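Take a look at the structure below.
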Amino acid sequence: MVEFGDLISAAGEFCLYQKLLVLLLSLPLLLNPFQMVGQVFMVVDVPHYCNTDWIRAVGPNLTEEEQLNLTLPRDADGEYEQCSMYSPVDWDLDSIMAYGLNATEKCSNGWVYPTAQQPSLLTEFDLVCDRKDLSDISQSVYMVGLLVGAMIFGPLSDRIGRRPVLLISILGQSLFGLVIAFLPNFIVYMVFRCIMATAVSGILITTLPLATEWVGVSYRPKAVLITHCFLAAGQLVLAGLSYGIRNWRLLQIAGSAPMFALFFYYWVLPESARWLVTKGKIEEAKKYLKKAASINKRTIPPELLDQVQQWHAL
């Protein structure tokens with residue numbers, strides 16, 4: 001009885017068709033690191049201190065250094081405290097300068113970031129002091145999205161096929177990844193990032209099965225290795241790009257917009273012939289197998305193809 005591996009051997013186990021397919025399936029993995037670990041480069045730790053503009057109401061002519069000396073306590077190293085300030089009072093400026101301020105409280109009017117730099121997630125959404133844990137929470141929420149995506153797209157790829165799930169996931173990652181760059185609120189940012197993570201999970205889940213189901217068994221480790229190399233290369237590209245693009249919104253766009261270029265997959269990406277056979281779609285599977293053999297300059301014996309119908313019937 002013919003096995004599916006015999007059909008792959010006849011069509012070519014790892015010839016031009018399979019190499020092109022593995023290359024196509026590796027391209028989304030080149031962009032995935034931008035969504036998986038890109039936030040690390042968007043939350044840059046910078047000096048900060050409490051906004052104490054309240055004192056400007058009684059001392060509009062104070063220099064910045066005088067304002068800070070009057071309104072911010074210092075730590076053991078003599079640096080300004082980053083998460084506390086002296087409590088505002090109703091005194092006049094002369095009384096404040098004469099007696100000084102003693103009572104402290106947490107920052108109540110936001111923070112100031114004295115270092116001139118491009119906007120980051122930390123400075124734009126104030127991920128400091130009591131809010132610094134939001135960055136880690138955001139990463140945890142992203143991991144929840146990966147889990148949900150695995151639970152949804154794993155069974156779905158077995159139900160409706162690898163190809164449609166991969167196309168849907170590419171659309172989701174590109175669309176939600178781009179929208180994230182324009183969000184004005186960090187909570188909404190986390191929600192959209194969680195949704196996008198489900199699409200990232202869908203890509204990770206479907207690329208490897210689709211690649212390995214089209215190559216011979218002995219070549220599967222090579223196909224997996226190639227896809228993982230693209231994933232590692234994407235991390236290198238991310239590191240270099242984040243060095244040149246310091247604005248987090250522009251970096252998010254740069255990591256998401258190229259995914260739209262993969263929409264041509266709709267016309268060129270094949271379905272897994274193995275999956276088609278298991279679902280009884282024999283004629284469609286034969287069409288893909290003949291195309292693979294043609295590109296590989298091979299010919300599948302007609303009697304071998306005829307046995308596919310018998311094999312499924314059994």
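Each Cβ is built from the backbone N, Cα and C atoms, and glycine gets one as well.
TrEMBL labels come from automatic prediction, so no person has curated them.
According to TrEMBL, the protein has these features:
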type	residues	note
DOMAIN	95-314	domain 'Major facilitator superfamily (MFS) profile'
TRANSMEM	20-44	transmembrane segment
TRANSMEM	140-157	transmembrane segment
TRANSMEM	164-184	transmembrane segment
TRANSMEM	190-211	transmembrane segment
TRANSMEM	223-245	transmembrane segment
TRANSMEM	251-269	transmembrane segment
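Through the fold, the transmembrane segment (164-184) approaches residues 25, 28, 31-32, 34-35, 149, 153, 156-157, 192-193, 195-196, 198-203, 205-207, 210, 249-250, 252-253, 255-257, 259-260, 262-263, 265-266, 269 of its own chain, all at least 6 residues removed from its boundaries and within a Cβ separation under 8 Å.
The transmembrane segment (251-269) is in contact with the transmembrane segment (20-44), judged by 3+ CB-CB distances under 8 Å for residue pairs 6 or more apart in sequence. Remote same-chain partners of the transmembrane segment (20-44), defined as residues 6 or more beyond its termini with a Cβ less than 8 Å from a stretch Cβ, comprise 117, 120-122, 127, 135, 138-139, 142, 166, 170, 173, 177, 193, 196-197, 200, 203-204, 207, 210-211, 214-215, 223, 226-231, 233-235, 237-239, 242, 246, 248, 251-252, 254-256, 258-259, 262, 265, 268-270, 295.
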